[in-house]
Amino acid sequence: MLDDVAFIKTPAAKKQPPASNECGVWTTDSPAIHNAPLPADGPGSTSFSNTILFSILALVPGYITYKLGLGFKTWVFFFLILAIPILMAYWSIMSTFSPRINEKVKYPNRPISYYLEFHTPELKAKYETSNGGKGSKIPIETFQELYFDGKVSFKGDCLDVLEYKHDWASFRFTLGLFRFFLLGMIPEVIFHSQSQDEEQVRDHYDRGDDFYTWFLGPRMIYTSGVISDITREETLEELQDNKLTVMADKIDLKKGDHVLDIGCGWGTWTTFASSKYGANVTGITLGRNQTKWGNTLLKEYGIPSDQSRIVCCDYRDAPKSSKPSGKYDKITSVEMAEHVGIRRLTAYLEQCRDALEDDGLLFLQYSGLRKNWQYEDLEWGLFMNKYIFPGADASTPLSFFASCMESVGFEIVSVDNIGVHYSATLWRWYRNWIGNKDKVVNKYGVKWYRIWEFFLGSSVVASRNGTATCYQFICRKNINSYRRIDYVPQQKGLQGPVQEGTKWAKEFTNFYD
């Protein structure tokens, strides 16, 4: 199949500046990532008080009820009427006036016209020439919508300008943001159904294989790769091959293992595990194009269908293995759990548990969010839900997800944070996308090109700076009969330093029998 598809060679990166502390903190200069020139922190949860918010929610209806001389039912009535306006007002005020978490990073304080070009007189007057000609910061949600509609442009490279967004954008909550959250996201969270999953996944992944070849490259893997060397710029293919190798090692993959790959995408891991390790892999995806691509790829690698296959089905309808027990030795779920919806997350993990042999292992790669949030984190998450991954509302802080894992009977063996690895992967996707601009625009239009340019560029920043991150979990059933000692050799994070040598103390000889 790859012989019939042309991929761009990832365009060369521009030369990056050396590390310095000109902005107030020391920046990095690794060729593996796009290094942050302005890693500023904005306002966030440290100045947000739930106590004050809940007090206002209770006291405002209470005060009105008291003045009217009425009772509890009246309080409930006014609470229901006023709750949403109070919430909107409080979040708007706090996101507008809260102080930054810290001010170690100093803003350049350049005029907004240094970064952006507005294309209508009204927008120029509002943002570019106001405030004595210096302009005013634009709410990031407002900017997104204007940019997608072609009413404002970056002066320079999208990613380079987004690196300085704290200097030209605010993270104030807007009416449009509230509208989407209340009328778009909340109903999806509540009603997250199987038919909804099918509609959203197929709309996203069956858009056209060419759409994804234009940024994913030959491996066609839509998940984070892994950096192995921070002193050089590894190719996108190297990052993904690193990840595949890490996955196989972490689950101690062996010939003949029966593996279920939930959300298998275009079948690259399925093909890798089948061809290199001789595993029997069943990959499942809702994408029809992905199913066709994956099965063709397996055939090209000489994998018979009675060994491995890609099945187009919902995870709730995953087929049983060919083992007498019908269960799997290993299960892999790579950035799939986020899409099941927070309401069904526990049920999804229970299904993984029930499909796994008692001595099996679960590899789960999961995109998460930081608990100590900043307003830019919340706005980025809402953008992602609106434009990129509708229904993917189960990205959560680590503590919540780990609690769900443990509550269904899994024991977490290890967890690795690979957020900066994701940033490296996204940086290469971004450059591929920019390099294929003409192809994208000719087929899908300027708006789709801009949406995904912004998505990829902002995600490079978000996953490097901590707005979003990614975790690799290895889990096993938390039962007494599990032979835990067998997995010790695979715990490379523990074994590596030990094998390098541990001798340090003076020899002790004063023993007694």
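Quick reminder: no glycine exception, Cβ is built from N, Cα and C everywhere.
Record features, source Swiss-Prot:
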- 52-72: transmembrane segment (TRANSMEM)
- 74-94: transmembrane segment (TRANSMEM)
- 222-223, 259-267, 285-290, 315-316: S-adenosyl-L-methionine binding site (BINDING)
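On the structure: features taken from Swiss-Prot.
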| residue | record | contacts (Cβ under 8 Å, 6+ apart) |
| --- | --- | --- |
| Y222 | S-adenosyl-L-methionine binding site | Y212, L216, G265, W266, E335 |
| L260 | S-adenosyl-L-methionine binding site | V281, T282, I284, A318, S321, Y328, K330, I331, T332, A355 |
| G263 | S-adenosyl-L-methionine binding site | I284, T285, Y315, S333, V334, E335, M336, H339 |
According to DSSP, does R316 (S-adenosyl-L-methionine binding site) fall in a helix, a strand, or coil? helix
In the three-state scheme derived from DSSP, which category covers N289 (S-adenosyl-L-methionine binding site)? helix
Candidate with the highest Cβ count within 10 Å, taken from the binding-site residues L286, N289, R316: L286
What is the Cβ neighbour count of W266 (S-adenosyl-L-methionine binding site) at a 10 Å cut-off, with all protein chains included? 29
Can you see whether DSSP assigns Y222 (S-adenosyl-L-methionine binding site) to helix, strand or coil? coil
